[in-house]
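Below you'll find the structure, written out as structure tokens, and then a few comments.
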Amino acid sequence: MTVPLLKIGVVLSTMAMITNWMSQTLPSLVGLNTTKLTAAQGGYPDRSTGVLPANPEESWQVYSSAQDSEGRCVCTVVAPQQSMCSRDARTKQLRQLLEKVQNMTQSIQVLDQRTQRDLQYVEKMEVQLRGLETKFKEVEENHKQNIAKQYKAIKAKMEALRPLIPVLEEYKADAKLVLQFKEEVRNLTSVLSELQEEMGAYDYEELHNRVSNLEERLRACMQKLACGKLTGISDPITIKTSGSRFGSWMTDPLAPEGDTRVWYMDGYHNNRFVREYKSMHDFMTSDNFTSHRLPHPWSGTGQVVYNGSIYFNKFQSHVIIKFDFRTSSISKSRQLDYAGFNNAYHYAWGGHSDIDLMVDEGGLWAVYATNQNAGNIVISKLNPNTLQIIKSWTTNHPKRSAGESFMICGTLYVTNGYSGGTKVYYAYSTNSSTYEYIDIPLQNKYSHISMLDYNPHDRALYAWNNGHQVLYNVTLFHVIRSEEL
């Protein structure tokens, strides 16, 4: 907007200069050098001020004004008496001058019209530019808001993917290891093919050792493939609705092929009877079951069936009992030293859940808390035959703050609660003796989880949710560690 207005100012200034020039120069051109200018107040020529000759009857009378209300130059010339003009030698010059003045006046009028037209155009452009400026501001604000929303969405996705970064780094190395296995198998195959043609050309004992070594490494590799890091939990699948608010149910992960029996225990104390259903189908569709009476009531919901026996915490004690279903007798019992019991260090929901027994791909585990560890969770690997502690790990997570927990591939996963919105948010790895905070949603469909255990055979979580028996499928990211083979 500044440049057009500057042009208009230049035009008006030029018009004023022309007016001053005419008022001062015109009299000298026509011989009126003896005239006297009467100044108005302020030093500027008044519109009615005249330039008078010494003898008005013999000379021209010239009246001038700097500019009119519209900015145009106005000149008034009064001729002398006719008798004087006829013999005045400067008449011709005056007429030529008057023609020039008229031409200048016409040019100034044309310039004024153009200036007025340009001014109108500039005013319209000013309105349009202001409108565009407003629209640009609106677009800029909307763009900032959209960028903020997109940034939040991208940030959320990045946070969800962040835990996979170290796993992917390990996976790169594992992929190379698998390629090495393939290359070794290809080499051995080639050697065996040549042996068929050249008997005795190779040391058979050495070849046998190479094959055995490769077989062991491949078997270890396949065993490692069964393990992985928890990355997701499916929506719950409701299998049955039965029993009280608290309880536990499970299958045996080491059951022989075709054995799909389901074990069911209602309540968390003062109960000794375990139901046995012949199959998952019978459990879902009927109430046909066999009842087993335990020699002692159990405490909590942390029981587990493993290789034909049930392991449970004896009520109001820190004693672990192994009961063999095949002989209907106690095959082993042992105290879990220093473990809290009788609601000393239970899960957040209570229910005498001080000692939680569980299994994973590595075997039998006990999760509990001790005074020595300030009520924080202790993880102990147990010998399933003798119930002796093989090794223990102390964590920094308070037992009473945990909703539930379960083991997968040597890692303890802990939920942040048992009711309402629930997620798995803490993981302690016994393989590296380290912990991390994670964020894996767990849909709590019936609002109260009192039992949550992992079955390594089914690759599923078994849960007792407010009188509903439900299953969750899990997603594991499999990692092969070359240093462990």
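A Cβ is built for glycine as well, from the same backbone N, Cα and C atoms used for every other residue.
Just so you know, TrEMBL annotations never went through curation; they're auto-generated.
The recorded disulfide partner of Cys227, taken from TrEMBL and restricted to Cys73, Cys409, is Cys409. Among the ranges 94-142, 241-289, the stretch that TrEMBL annotates as coiled coil is 94-142. In TrEMBL, the feature coiled coil is placed on 178-224, out of the ranges 178-224, 413-459. Other C-beta atoms found within 10 angstroms of the C-beta of Cys227 (disulfide bond) number 21, with every protein chain shown included. The coiled coil (178-224) scores a mean pLDDT of 64 in the predicted structure.
Same-chain residues at least 6 positions away in sequence with a Cβ under 8 Å from that of Cys409 (disulfide bond) are, in sequence order, Cys227, Gly228, Lys229, Asp360, Glu361, Gly362, Leu476.
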